[in-house]
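In TrEMBL this protein carries:
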COMPBIAS  254-272  compositional bias 'Polar residues'
DOMAIN    25-475  domain 'Major facilitator superfamily (MFS) profile'
REGION    247-279  region 'Disordered'
TRANSMEM  21-38  transmembrane segment
TRANSMEM  84-107  transmembrane segment
TRANSMEM  114-136  transmembrane segment
TRANSMEM  142-170  transmembrane segment
TRANSMEM  182-201  transmembrane segment
TRANSMEM  207-228  transmembrane segment
TRANSMEM  296-317  transmembrane segment
TRANSMEM  361-378  transmembrane segment
TRANSMEM  390-415  transmembrane segment
TRANSMEM  427-450  transmembrane segment
Amino acid sequence: MRAALAPGVRLLRAIPRDSRYRGLTLVLTFLSYTSYHLSRKPISIVKSQLHPNCSALGPNPHNDSNSTTWCSWAPFDGDNYKELFGALDNAFLVAYAIGMFISGIFGERLPLRYYLSGGMVLSGLFTALFGLGYFWNIHVLWYFIVVQVCNGLVQTTGWPAVVACVGNWFGKGKRGLIMGIWNSHTSVGNILGSLIAGAWVSSAWGLSFVVPGIIIIVVGFICFFFLVEYPEDVDCNPPLHHVMTTSDKDPEAVTSNEGPLSLSGQSSVDHSNSPKEPAEEPEAISFLGALRIPGVVEFSLCLLFAKLVSYTFLYWLPLYIVNVAHFSAKEAGDLSTLFDVGGILGGIFAGLISDYTGGRATTCCVMLVVAAPMLFLYNHVGQNGIGTSIAMLIICGALVNGPYALITTAVSADLGTHESLKGNAKALSTVTAIIDGTGSVGAALGPLLAGLISPTGWNNVFYMLIAADVLACLV
């Protein structure tokens, strides 16, 4: 007597073939960019171990005059350690901003699977090299700076590639909601990176980099073996990017920029169960050609200011909470994660509303307009108790990171498949790189400006953030 099919197998058979591949693409790209962010997080965790408060650890066992820095890791044991940490951050951010403009061009001309998996392996290598400085007993600044620059450059392979893959599989209709949920990989990666790096930061901080480096390399190999770039490569239906409805066309059919697709979702092409050789690809678009796509320049400038605000909170929020709200360092760290929680909710909300209304720009503008007074209120009343802080941080996180998430995901994918291209060029990676590269300039400027302005008072920092928020809306 033969047993019935396992419940899991029956479930898999009930899921349409196209949906299985789309789900696989979402999961693989989610894991990929989660691992990218996981590998970026250790530096912020390890800083406290590179220059700890040595006087709290007891007497100096070396019996020298460095009673307060004997346990610090040279070259970060001097009074200028904050400037050196800033140099590490900016080395990564500036290299990332510059590399992003170039990354999309390569992403359009190389197979996305090779480009993404290769970038992940290199990212893991340079992440691990930073940690190997601990085991190799390296104490020269240039080593860590060079590793940060190289890591910033190779990390640019991630975002254009994963957005292009998701854009290839999902049409415009539900793209905002799907990508809003999918974009939570940023916060998930930050949380996992903090937990993994924190496990070894006190005992052997080098492992805080080596382990995340190994993880992203492993995920890179998984993507190499399982990622499918285009639906046509496995005889699946291409997504519907643009609907054409005219009186002289068959009302029972719609056309996408990748081929005919019926309303029932069945292609007119006879499909086989076995994958075929990848379909011939359209010619890649040039950098200037991508800039001429309507909306690319405007959304790029909008993201510059939006990302300036977001990354200023990322790097400076815990210190602000400690200095102004007078919470402990642990409470400040816990509270700062609520800004990310708000960002997840804001990204999903922005995607859902933009899908329903069809107005990506309007959704971004409204959220940015509301964010400006909320930032002002948080600075003035957000410290009146733990409950107020929690509520204001979630609200501000949603309003600041909601437009940021929408622009870097659904908007980039929409513009990369814009109807002006008429299916004659690939533009997803290049458009995504231009938009996120411009935003990364703001990501580098925000923390830098906050460091220069904060000595004059935190109020001035918030005025700068509010001004950037208004400019993001105006452009």
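Note that Cβ sites are derived from N, Cα and C of the backbone, with glycine treated the same way.
Unlike curated entries, TrEMBL annotations are predicted automatically.
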Proximity verdict for the transmembrane segment (142-170) and the transmembrane segment (84-107), three or more C-beta pairs under 8 Å: yes
Within-chain partners of the transmembrane segment (207-228) [C-beta distance under 8 Å, separation at least 6 from its ends]: 21, 24-25, 28-29, 31-32, 35-36, 38-39, 41-42, 45-46, 112-114, 116-121, 123-132, 165, 193, 196-201, 234
Whole-number mean of pLDDT values that fall within the domain 'Major facilitator superfamily (MFS) profile' (25-475): 81
Proximity of the transmembrane segment (21-38) to the transmembrane segment (182-201), 3+ C-beta pairs under 8 angstroms: yes
Region pair the transmembrane segment (390-415) / the transmembrane segment (84-107), three or more CB pairs under 8 Å: no
Residues of the parent chain within Cβ reach of the transmembrane segment (296-317), under 8 Å, 6 or more residues beyond its termini: 44, 89, 93, 290, 336, 339, 343, 361, 364, 368, 371, 375, 396-397, 400-401, 403-404, 407-408, 411-412, 415, 431, 434-447, 449-450, 454, 461, 465, 468-469, 471-473, 475
